[in-house]
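A.B. asks: As annotated in TrEMBL:
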DISULFID  18-82  disulfide bond
DISULFID  31-92  disulfide bond
DISULFID  62-72  disulfide bond
DOMAIN    1-93  domain 'SRCR'
DOMAIN    121-165  domain 'SRCR'
């Protein structure tokens, strides 16, 4: 989750950020906001693929010290002169916390240092063992998974890992 095309949620709708004036100072703010360490690069030209839908932000002008992207100078939300071929991306260094990624098509794995290990997970409060709220076991306790950026691709990994089709 610390590298990819930048998308922002505004008025209950996800949209992209244009790469006009997009630079490392802007990426620094994003990496800080995502708790992803330092910005390594700020690729433009839809380096991570073109988004769809709205383009929310253009002409970003962060100093790099802002707490989050909304504190940066920019055109008004929704005003732009871009297309999705100009979607901005971010590559952050990551951080010392546990990061999850699909390291194997059948397993949701976490990376801690150089060690990859499967995450123990379960579905609870559903009509069967193959439906319900996703919970993961980490640090000797069960916890829930936040739905930020959660989509059908994430659900497919969980279903495969649980042998639920």
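In case you wondered, yes, glycine gets a Cβ from its N, Cα and C as well.
TrEMBL: automatically predicted annotations, no manual curation.
Keep in mind that what you see is a predicted model, and the values were worked out from it rather than measured.
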A.B. asks: Quiz question: given the disulfide-bonded residues 31, 62, 82, which has the greatest number of C-beta atoms lying within 10 angstroms of its own C-beta?
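C.D. replies: The largest 10 Å Cβ neighbour count belongs to 31.
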A.B. asks: Rounded to the nearest angstrom, how far is the Cα of residue 31 (disulfide bond) from the Cα of residue 72 (disulfide bond)?
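C.D. replies: With distance taken Cα to Cα, residue 31 (disulfide bond) is 14 Å from residue 72 (disulfide bond).
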A.B. asks: Under 8 Å Cβ to Cβ from residue 92 (disulfide bond), same chain, six or more residues apart: give me those in sequence order, or none if nothing qualifies.
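C.D. replies: 2, 3, 27, 30, 31, 34, 36, 37, 38, 39, 40 - these are the non-local Cβ neighbours of residue 92 (disulfide bond), listed in sequence order.
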A.B. asks: Of 18, 72, which of the disulfide-bonded residues has the most Cβ neighbours inside 10 Å?
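C.D. replies: Counting every other Cβ within 10 Å of each candidate, the maximum falls on 18.
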A.B. asks: In whole Å, how far does the CA atom of residue 62 (disulfide bond) lie from that of residue 18 (disulfide bond)?
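C.D. replies: Given the Cα positions, residue 62 (disulfide bond) is 14 Å from residue 18 (disulfide bond).
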A.B. asks: On the DSSP side of things, how many residues of the domain 'SRCR' (121-165) fall into helix, strand and coil, could you say?
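C.D. replies: Helix, strand, coil within the domain 'SRCR' (121-165): 10 helix, 14 strand, 21 coil.
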A.B. asks: For the domain 'SRCR' (1-93), give the DSSP counts of helix residues, strand residues and coil residues.
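C.D. replies: Per DSSP, the residues of the domain 'SRCR' (1-93) fall into 16 helix, 27 strand, 50 coil.
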